[in-house]
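Participant: The following block contains the structure, expressed as structure tokens.
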Amino acid sequence: MARYVFITGGVVSSLGKGIAAAALGALLQARGYRVRLRKLDPYLNVDPGTMSPTQHGEVFVTDDGAETDLDLGHYERFTGRSATKTDNITTGRIYKNIIDKERRGDYLGATVQVIPHVTNEIKDFVIEGNDDYDFVICEIGGTVGDIEAMPFMEAIRQLGNDLPRGTAVYVHLTLMPYIPAAGELKTKPTQHSVKELQALGIHPDILLVRADREIPEAERRKLSLFCNVRPSAVIQALDVANIYDVPIAYHKEGLDDEVLAAFGIEPAPKPRLDPWEEVCNRIRTPEGEVTIAIVGKYTGLKDAYKSLIEALHHGGIANRVKVNLEWIESEVFEKEDPAPYLEKVHGILVPGGFGERGSEGKIHAARFARERKVPYFGICFGMQMAVIEAARNLADVSGASSTEFGPTKEPVVGLMTEWVKGNELQKRTAAGDLGGTMRLGAYKAALKKGTKISDIYGSTDISERHRHRYEVNVDYKDRLENCGLVFSGMSPDGVLPETIEYPDHPWFIGVQYHPELKSRPLDPHPLFASFIEAATEQSRLV
């Protein structure tokens, strides 16, 4: 029978509920338990697929093709368990489900209300499909007091009564700010946050208190007294140097012990944290460092590239080097020479993106990397721009472009109109909806034997996650290969180009998929490990 941990947040947003949930999941997993993590998002979008990357951050894609919140990336990286579309739900999805049911007559003429219909939909989502797990950790998005989060709070309150006694625990993540003028940490914001949570009928079992310095014992006792939790259940969550320190830090503070005690599991099996200690040791004691330029379109919000950033650091862990990131807005290269920006870097990465803005700058970055023999990693849009660069400057395809940018006589990159997913033919048109209409999720690819990328994978058969509407036009394949660009990977039916490379370049690889989504600190993705290895070699030349 599954036990449930509900994680809420108070005082301010962006406290790190996702990291806290993921770290707790990793700790329980290290004790041998089977763990599932789920995210409940209060926004009215059906999913984040059409939301601006500079507002919402990264859209994390699962194997089964769901466009989800970036916190699911944290869940996967910390636990190694691949999430599914049933691990994330939004208010928009819930209301859509309810309205669809109402239109079908499923409610038999009843007046559809927030209670019980919305709350029941939320509860059904939380508890279904959990028979194979020991613990289900549910993160509630937003902050206590938000209007949008009210149905979720009511639903998890009801679940505290619906579930068998002793199978639900509430963890409240809060902030204890330091006031320089007073020279002390303040408990009042946490007190008020807990008071508001209690007014909703939820009594936290554990307080996880964020702070930038040690919380004095007297202040912990004060929180225990005023927030009605055991002194041992006031857990300090101090700032750490990197997020992979969090599981060990929380274990030292006793979070996992306290959660298990709240469930009455004593004595609990000891956690095996050796792999996490090795990761943290490699991060703390690098044997070198490299600088990677990320030439992107959404550099104003680094969360737009969250999995990418982490995957690069995973590559650093694999090579025992520190990875420094140089962020460059791609539009800069449309006005300025890229050389002064890129001459000193050890690798260039052009990530995914949408739309014409900044595309020429990415093409210039690809040309610089090709001509100067700097390691280049093009992901999704970054691969497409590298192919357009080759078409223009190597294959003499004047006007080579993408139909994403408008009509063109040389559509080197074009809209995918149809492809096969499973046994079903998927069809799209330029006039179709944007939401949920891309080539999404895991697809297989066949790599050409003897290519650099097949050597990196150690296989010619791979499966990676995709999120794109446009694809390199296979009609240009022969012309490009005659100029030295190798199409090293194709879809199994040979229709869709998946990877490209230059055999005479130290490391120039483009992939249509998103390998960053499958990288883990305990299991770095081979492409990122190889890219950072190549950058390390480049650092000895610069």
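Every residue, even glycine, has its Cβ placed from backbone N, Cα and C.
The region 'Amidoligase domain' annotation in Swiss-Prot covers 1-265 and rests on sequence analysis. Marked as UTP binding site by Swiss-Prot: Ser13, Lys186, Thr187, Lys188, Pro189, Thr190, Gln191, Lys222. According to Swiss-Prot, the ATP binding site annotation covers Ser14, Leu15, Gly16, Lys17, Gly18, Ile19, Asp71, on the basis of sequence analysis. Residues annotated as Mg(2+) binding site in Swiss-Prot: Asp71, Glu139. If you look up Swiss-Prot, you'll see 291-541 marked as domain 'Glutamine amidotransferase type-1', on the strength of sequence analysis. Here Swiss-Prot flags Gly353, Phe381, Gly382, Met383, Gln384, Glu404, Arg469 as L-glutamine binding site. Among the features that Swiss-Prot reports, active site, nucleophile is placed at Cys380, with the record citing sequence analysis. Residues annotated as active site in Swiss-Prot: His514, Glu516.
Quick one: how deep are these features, and who are their neighbours?
Facilitator: Annotation for Pro189 (UTP binding site): same-chain Cβ neighbours under 8 Å, separated by at least 6 residues, are Gly10, Val11, Thr174, Leu175, Met176, Pro177.
Counting only same-chain residues at least 6 apart in sequence, none has a Cβ under 8 Å from the Cβ of Ser14 (ATP binding site).
A strand conformation is recorded for Glu139 (Mg(2+) binding site) in the three-state DSSP classification. A C-beta separation below 8 Å, combined with a sequence spacing of at least six in one chain, links Glu139 (Mg(2+) binding site) to Ile7, Lys17, Gly18, Ala21, Leu37, Arg38, Lys39, Leu40, Asp71.
Packing around Met383 (L-glutamine binding site) is summarised by its Cβ count: 27 other Cβ atoms lie within 10 angstroms of its Cβ, all protein chains included. In this structure, Met383 (L-glutamine binding site) is part of a helix by DSSP.
Around the Cβ of Cys380 (active site, nucleophile), the number of neighbouring Cβ atoms within 10 Å comes to 22.
A 10 Å cutoff on Cβ-Cβ distances gives His514 (active site) a total of 23 other Cβ atoms nearby, all chains included.
Every protein chain shown contributes to the tally, and the Cβ of Glu516 (active site) ends up with 26 other Cβ atoms within 10 Å. DSSP classifies Glu516 (active site) as helix under the three-state reduction.
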Participant: Could you check which of the binding-site residues (Lys186, Thr190, Gly382) sits closest to Leu15 (ATP binding site), going Cα to Cα?
Facilitator: Thr190
Participant: For each of Thr187, Gln384, count the other CB atoms within 10 A of its CB; which of these binding-site residues has the top count?
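Facilitator: In terms of Cβ crowding, the pick is Gln384.
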Participant: Give the distance between the Cα atoms of Cys380 (active site, nucleophile) and Gln191 (UTP binding site), rounded to the nearest whole Å.
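Facilitator: A Cα-Cα distance of 47 Å.
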Participant: Apart from Gly353, Phe381, Gly382, Met383, Gln384, Glu404, Arg469, which residues in this chain have a Cβ no more than 8 Å from the mean position of the Cβ atoms of those residues at the L-glutamine site?
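Facilitator: Along the chain, the qualifying residues are Gly352, Phe354, Cys380, Met385, Ser402, Val413, His468, Tyr470.
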Participant: Counting other Cβ atoms within 10 Å of each residue's Cβ, which of the binding-site residues Thr190, Gln191 comes out lowest?
Facilitator: Gln191
